[in-house]
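Enquirer: Got a structure for you, questions after.
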Amino acid sequence: MSNDHSNIERTDLSLSGMSCTTCASTIADSLEDVDGVQDASVNFATERADVSHDSDVPVEELIEAVEAAGYGVRDELLNDEMEGEEELQEMRRMAIRAWIVTSPIVLLMVFMWTPLEVLTGFQIDVAMFVFATIVVFYYGRTTHASAIRGIQNGTFNMDSLISIGTLVAWVTGVMVFVTPIENYAGVGAMIMASHNVGTYLEHRAKGRASSAIEGLMSMQAETAAVQRDGEEIELPIEDVEIGDVMVVRPGEKVPLDGTVIEGRSSVDESMVTGESDPATKEEGDEVIGATVNQSGMIKVRAEKVGDDTFLSQVVELVEEAQGTKVPIQAFTDRVTNYFVPTVLILAALSFVLWFLFPDGMGAVAGIGAPYLPWVDLALDPLTLGIFAAVAVLVISCPCALGLATPTALMAGTGKAAENGILFRDGEAIQTMKDLDVVVLDKTGTITEGNHSVTDVVVGDHPSVSADGGHLEDPGLTEREVVRLAASAERGSEHPIGQAIIEYAEDQEIELAEPAAFDNVAGKGIQAEIDGRSVYVGNTKFFDEVGIPLAYEDELQALEQEGKTTVLVGIEDENVGVISTADTIKEESHDAIQALHDRGLETWMITGDNERTARAIAETVDIDPSRVMAGVLPQDKIDKVSELQEEGYNVAMVGDGINDAPALKQANIGVAIGTGTDIAIQSSDVSLVRGSLDALVDSFTLSERIFSKIKQNLFWAFIYNAVAIPIAFFGLLHPVIAVAAMITSSISVITNSTRLGNIEL
């Protein structure tokens, strides 16, 4: 898929033929050599390339670059799962057939090690050579081809180690006919057959690590019942157009994002938001594609199709996150770049030392030799050198290092998406564990963000004019104040303004159309209604425009009740006060307490007045001294910057739209919303279900994901640090070595997939 961004496009390619992280680096280098390519990131675990390039670079040129490096590009991303399954089955067939041909070799080895003279030594050598040749060259052809590609590209990869190791072992099957030497051709065949099994198991395990994203993609309905020309027809989902009316019956999936235009039902949104309670949907409400209609029949007008749907955006964001790297991976990448050449040098050094100094090497190996039946120090130096060198080659495992981070990211971000938590990249996951302060916007984060009018105060006493005198008119009626305020707010999208308009409509008050409208950010609005200047805003706004307050006692009383107040003015008179209330989310108190239990400091920041802000802060157990009220959008940025300058790592939690600048300034920006309302492209972390519980869960997941990464890296480093020296001194049989190598990779993947079992 490609996304335009100015004259830069991003293209996602699905790759085939990689055997380790070195292959991924080779492909990335080849792509970055293409003129016009700005950056290329290749993920070995997900088998994808994310390429940023000039818009005039054709995709065909990118594909040619991948193929020039010796690798493949799958035809269609939509067929990834099918093609991947076919490749997996082919690996399985290769592994089984390789072991079928290898089984006679095992039998021949039994004949070699027993006194039974079923076959002569010469016959055994010939038979072993024939079977080993078939396994090493025919069933190992993919491995050798990969190794050759690496050499052609000036690199060595994991397959280089297996290829060289099996070929060296196979050569002894030739040498045995001309010189006295141990025949390891059968060992070479067993190594290759085991490697094929390991490749199959590794790919299958990687598939399980990415099962969450496949599960998200499988949620999409395949067809939709659409009304066209007075008839109901069933169409493939890709043929539905914006504006089509879809009929969704109980038990069916909502095909695409849209708006309910008829009917009422409860909808299960848990599969995309993680929210277990069904949501009631009626005319005018938005519904998300892939959610399940539970009760009544509804008709939905399609609003988003194709890649624009909420589910498609979620899948894309998760795929992007899985394709990124955490900062700790930079060190791992540097190690793996030098890993294979270092192993080749160690294998060569082991051979030379055993060949030239067998007694010295034997003295070290003699410590463990009595306990290991496959170690025979009486063999000739050449045989001992080959035995040790082959073991070093096949025991070494850069794959475990390369898989340690991406598999944990794959499993963790998939688990997060299942629970309505979307991480933008791996860096966000690593950064979250180091946060000190969480700054929470009030409206829509701590509270529901659904304001409703609670009080309208007018006419209790004469209005005060700008010069301090009393006006002759004692005040307007409540309906007239509401009419003027609601008419003025018609040009505003602020939730308080919308609440006043809804209140006026409920009271069946006819509104006027503003002749002029001016929005003063964070303070209020000025509009011309019926030839008069109408002001609606906070006390700062009225101070600026020079309108004296006439309802200070009422303001204080309402605000102490936790209500939000706005003043209404006409010309230079304060003619009334309107208050609204915003319900605190049920889970806010417990979630904020959970943040405190983690040692995080919480701040509440809001454009609301001081008294209302403090009343809400006390309710949710935020220290009143950590409340910033009456702030403008720029003040939110300044507060985040101030905390950062004091040495704190800061997370800013807001709606992702109005708070976008502050979210960008913070170390971690967290957008919180509900369903399609959330701007999932505007933050480091997006909480789809609109709950602070999800914020707590995001901290839990980031800690668990990073913990798995550290566990995986520790195991991968320790495995190689212990196994290579043992093999170097000839104490490890090559067949056991390749089995250990396979186990190390699979154990890393399996450990990562356990993230899917976390209960949040």
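A Cβ is built for glycine as well, from the same backbone N, Cα and C atoms used for every other residue.
For 9-74, the entry in TrEMBL reads domain 'HMA'. Annotation source TrEMBL lists transmembrane segment at 98-116, 122-140, 161-178, 184-201, 338-357, 382-405, 713-742.
Would you situate these features in the structure and describe their surroundings?
Expert: The average pLDDT computed over the domain 'HMA' (9-74) stands at 86.
A Cβ distance under 8 Å defines the sequence-distant neighbours of the transmembrane segment (122-140), meaning residues of its chain 6+ beyond its ends; these are 94, 97-98, 101-102, 104-105, 108, 111-112, 162-163, 166-167, 170, 173-174, 176-177, 183, 185-186, 188-189, 192-193, 195-196.
Note on the transmembrane segment (338-357): residues 22, 155-158, 160-161, 164-165, 381-382, 384-390, 392-393, 396, 398, 401, 724, 727-730 of its chain, located 6 or more positions outside it, place their CB under 8 angstroms from a CB of the stretch.
Long-range contacts of the transmembrane segment (382-405) within its own chain (CB-CB distance under 8 A, at least 6 residues past either end) are made by residues 19-22, 24, 44-45, 158, 161-162, 164-165, 168-169, 172, 181-182, 184, 187-188, 191, 195, 202, 206, 325-326, 328-329, 332, 335-336, 339-340, 343-344, 346-348, 350-355, 358, 361-362, 426, 709, 712-713, 715-717, 719-720, 723-724, 726-730, 732-734, 737-738, 740-741, 744-745, 747-749, 752.
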Enquirer: What residues in the same chain, six or more past the boundaries of the transmembrane segment (161-178), come closer than 8 Å to it by Cβ-Cβ distance?
Expert: 125, 128-129, 132-133, 136, 140, 143-144, 146-147, 184-189, 191-192, 195, 340, 343-344, 347, 383, 386, 389-390, 393-394, 396, 734, 738
Enquirer: Using DSSP, what is the helix/strand/coil residue split across the domain 'HMA' (9-74)?
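Expert: With helix first, then strand, then coil, the domain 'HMA' (9-74) has 22 helix, 24 strand, 20 coil.
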